[in-house]
Amino acid sequence: MPSLPQDGVIQGSSPVDLGTELPYQCTMKRKVRKKKKKGIITANVAGTKFEIVRLVIDEMGFMKTPDEDETSNLIWCDAAVQQEKITDLQNYQRINHFPGMGEICRKDFLARNMTKMIKSRPMDYTFVPRTWIFPSEYTQFQNYVKELKKKRKQKTFIVKPANGAMGHGISLIRNGDKVPSQDHLIVQEYIEKPFLMEGYKFDLRIYILVTSCDPLKIFLYHDGLVRMGTEKYIPPNESNLTQLYMHLTNYSVNKHNERFERNETEDKGSKRSIKWFTEFLQANQHDVTKFWSDISELVVKTLIVAEPHVLHAYRMCRPGQPPGSESVCFEVLGFDILLDRKLKPWLLEINRAPSFGTDQKIDYDVKRGVLLNALKLLNIRTSDKRKNLAKQKAEAQRRLYGQNPVRRLSPGSSDWEQQRHQLERRKEELKERLLQVRKQVSQEEHENRHMGNYRRIYPPEDKALLEKYEGLLAVAFQTFLSGRAASFQREMNNPLKKMREEDLLDLLEQCEIDDEKLMGKTGRVRGPKPLCCMPECAEVTKKQKYYGSSDSSYDSSSSSSNSELDENEKELCQKRLDQVPYSLKHTSHCKIIQQPSGSHNLIYSESPVYLTTLVFLSEFPDSMRRSVSCPRSISAHLPSRGDVRPFSSQQVIPLARPTSASRSHSLNRASSYARHLPHGSDTGSTNTLNESLRQLKTKEQEDDLTSQTLFVLKDMRIRFPGKSDAESELLIEDIMDNWKHYKTKVASYWLIKLDSVKQRKVLDIVKSSIRTVLPRIWRVPDAEELSLYRIFNRVFNRLLWSHGQGLWSCFCDSGSSWESIFSKSPEVVTPLQLQCCQRLVELCKQCLLVVYKYTTETRGPISGIGPDWGNSRYLLPGSTQFLMRSPLYNMKYNSPGMTRSNVLFTSRYGRL
């Protein structure tokens, strides 16, 4: 009998119920792959009391984490944080405070550091009122008061707590004897003649963002708050010293006055915006540009005082972090600045935790912009955490397995091993610096796109101003970190720090060449690598067989073109050309142009080479207008379907007037070649033919425009101010004929007397002219689009390499060391482009000789270049000018007998 069911046993509804658990039945559901959630940027805002910070975090799309979470991408705290917390941060995290910033944010520390800097550079730090720190400087203050009494002068002083805030404990005195001697106070001279607005005293709250201290990066927010007093200002006297609503502009003080005006607009009330204030200055005929320039200079000089302290503390917190890596710290600072009646800014104090309260609408508008734009500038990415963890893992494995890129040198190493070791270290140093430069360029591009209302004030774009600030930085390190100033000075003066990517690549290439020499490899010759279009240096490619020339020399008496190609080549060529549409094969649309290589050096070859070029003048389909080998600047400006013009209207610059013999030979060759064009069909691939035709057309156009550029460059001349072309050429020839006499003088002038900025300005005479001419030849809006101009830029950088050694080496016997930059370049340089570069170098050499001669003859400045030259491109001391003489082309077919005009390439010439 069947057994009865027991409790807990699941029974099916029938003997064949599919719901019963059979041993062979699969009850697992098919797994559905869930979409991976996108990365989320997290923020810990437990340390702030301001609601505007949380609102901006939400607006940025960040996710707020629990208060105890210490792994967030962003950590925001109102108060200063301990250095241990910064040490524990991962590289992907950001926190809104720098260690060591208290050196300028505490009133007593700011006064002490400013006093030291004033002793070193008194002319640069004139924006801080005279200050005494009590009790240590009580005696000096009393001596100063006694000197005033002897001169029968009386001044007002403002007394502040050493570490106070929000206006607490501030008072005004006129009798120095009343100041307590043992309290920790700050005593400053009171600015009695401030700039007034509607009769009220006011100060400015300027917001500053520091995104990095290694290297230093400072941004100024072009808006802020104007905080006004609430009683009409009267110069201080014994009767009104206690009226703080008149003399103090702090919001925390004046908001308690019944006369405090709260207004929803930015142009009324006791609190207004700096944006409105700049409009007010402009309406009253004040120099707004100078106002912002003075503010920026004050901010940068103040943060230069803090930089030695901040950088030292930051590196102590992050000991394993290489220089130039992304900073885990940033800071929004509030500068309180007072304007005197001459609009000179005076620094009052700096707040490292400025208030982000939003009592009024103007507070919300200004402070929201400050925070929102600051977070955008930080460029916090969702991938930062993942990349950081992967980097840590790779670094741990490298340490575990001892995978050091540079092997240690044993004590008994030979000279050869020591040289190899030095080269390896040099290459690693260059690679690290190259990586840093590329990161900095990428970061600057992001900053330029997301600055919003911020402006970068350090490093400035003005090179002269940057040199001035760097000099102040050196003084600051010497003043505050005398024990470690030498190491910081060496780091700042490292020549690699100022090199660009192209210069570093050139140095890496040089290291590899030296390494190959050391290893005994002689396979690669220093200099430009053999190009595929040099017949004597490379095998003949299929494309050259079809459309190129043979290795036989050109015979002017020969009238038949069939002897230049063998039968197999002609058959292959005919098969390819057989598939060309009728419109392309027709004699009215196809013209064969022959140019001997000796004419204008179009082919870089020692043996004469004959070049046959097919120029198709009919309309190409859209799919054939763009080729992989076609530069963007060419393909972007090819004629469209509706823009096809007849050959008579096409813009061509003749390179030379052909002789009658060569013209007849060209016509005979064209007719002979046309007779061999087949009219049947072939089974070959049409796509292969179209690709060949596209490459042919774009390469022909590029070569033609490069030939025109070479022709223009050869016709350019450097003109001595006040002399004719012939006189200028005679002057250059005289220097070269007497080179033994001039060599040491020119070397001293170029390599010693001219700094890097002025060396660049000398070459800018040539560079600016070429930059003006190229867009008109290539028909592009900007020369930066051209691959040829990028090649020129590499040549200019090479000439300025190693403080001008690149150009000076061109005066040696070989004079072609600069060509080594193309030996390992991934971009193929054609012979025409190489000839353009050679002419470019020749113009730069002539330009240096003319500038040197002008300086010696006119007894100009020792540098030969006036301070205003950079603004006018060509202007030298006085009213004279260097002229780049070049023909005035209108890009039409002109007869060779036409006269050409001399032009100075400036912005007033809109077209050629």
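Keep in mind that glycine also has a Cβ here, set from the backbone N, Cα and C atoms.
Record check: Swiss-Prot places Met166, Gly167, Gln188, Glu189, Tyr190, Ile191, Lys201, Phe202, Asp203, Thr249, Asn250 at the ATP site, and the matching candidate among Lys160, Lys178 is Lys160. Just one of Lys271, Lys275, Lys385, Lys387 is listed by Swiss-Prot for the same L-glutamate site as Arg227, Tyr251, Ser252, Lys367, and that one is Lys271.
Across the annotated binding residues for L-glutamate (Arg227, Tyr251, Ser252, Lys271, Lys367), the two most widely spaced Cα atoms sit 17 Å apart.
When the recorded positions Arg106, Tyr251, Ser252, Lys271 are screened for a C-alpha within 10 angstroms of the C-alpha of Asp336 (Mg(2+) 1 binding site), no residue qualifies. Listed in chain order, the residues near the L-glutamate site other than Arg227, Tyr251, Ser252, Lys271, Lys367 are Arg205, Leu225, Asn250, Lys255, Ser355, Gly357, Asp359, Asp363, each with its Cβ within 8 Å of the site Cβ centroid. DSSP assigns Arg352 (site 'Binds negatively charged residues of beta-tubulin C-terminal tails') to coil, not to a helix or a strand.
Straight-line distance linking the Cα atoms of Arg352 (site 'Binds negatively charged residues of beta-tubulin C-terminal tails') and Lys367 (L-glutamate binding site), rounded to a whole number, equals 15 Å.
Listed in sequence order, the recorded positions from Arg106, Arg227, Tyr251, Ser252, Lys271, Lys367 having a Cα within 10 Å of the Cα of Glu349 (Mg(2+) 1 binding site) are Arg106.
DSSP assigns Lys367 (L-glutamate binding site) to a helix in the three-state reduction.
In this structure the alpha carbons, written CA, of Arg227 (L-glutamate binding site) and Asn351 (Mg(2+) 2 binding site) are 15 Å apart. Mean per-residue pLDDT, taken over the region 'c-MTBD region' (388-450), amounts to 78.
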